[in-house]
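Student: There's a structure below that I have some questions on.
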Amino acid sequence: MISGLSHITLIVKDLNKTTTFLEEIFDAEEIYSSGDDTFSLSKEKFFLIAGLWICIMEGESLQERTYNHIAFQIQAEEMDEYIERIKSLGMEIKPERSRVKGEGRSVYFYDYDNHLFELHAGTLEERLKRYHK
């Protein structure tokens with residue numbers, strides 16, 4: 001029986017650069033670094049973001065960008081602050097997609113390795129309520 005999400009692993013070209021990205025944007029807490037050791041496929045680091053285990057492993061960046069993404073929930077009043085954090089690291093912010101009123105505001109942005117992230121100020125319940133109108 002599935003009991004929850006265990007972790008998310010992202011392959012990144014530069015562990016240190018991605019560490020800064022995760023810490024500055026998501027307030028990630030680094031909890032492990034393999035250093036020069038390799039216990040898995042390559043050097044790796046583990047982080048906690050709002051209790052979620054995020055693993056980054058050294059490897060080649062994604063060659064293509066897609067809409068596959070990881071979305072983190074934030075409060076609506078924090079959106080502008082997060083957008084400034086994203087801009088301060090020179091991340092590419094995608095234009096906002098069209099939304100229906102009540103769906104919650106989002107910002108989408110790519111990291112250095114073409115992973116797409118979303119910060120969303122809304123909940124599943126709010127979205128379902130709006131879609132069922």
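If you go along the chain as it appears here, the first residue is 1 and each next one adds 1.
Cβ coordinates are placed from backbone N, Cα and C, and glycine is handled just like the others.
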Student: For the Mn(2+) site that Swiss-Prot describes with His7, Glu118, which of these is also annotated: His69, His132?
Tutor: His69
Student: Which residue, out of the recorded positions Glu44, Glu118, shows the minimum number of other Cβ atoms inside 10 Å of its Cβ in this structure?
Tutor: Glu118
Student: Can you tell me which of the binding-site residues His7, His69, Glu118 is spatially closest to Glu44 (active site, proton acceptor)? Compare CA atoms only.
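Tutor: Nearest candidate: His7.
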Student: Select one residue from His7, His69: among these binding-site residues, choose the one with the most other Cβ atoms within 10 Å of its Cβ.
Tutor: His69
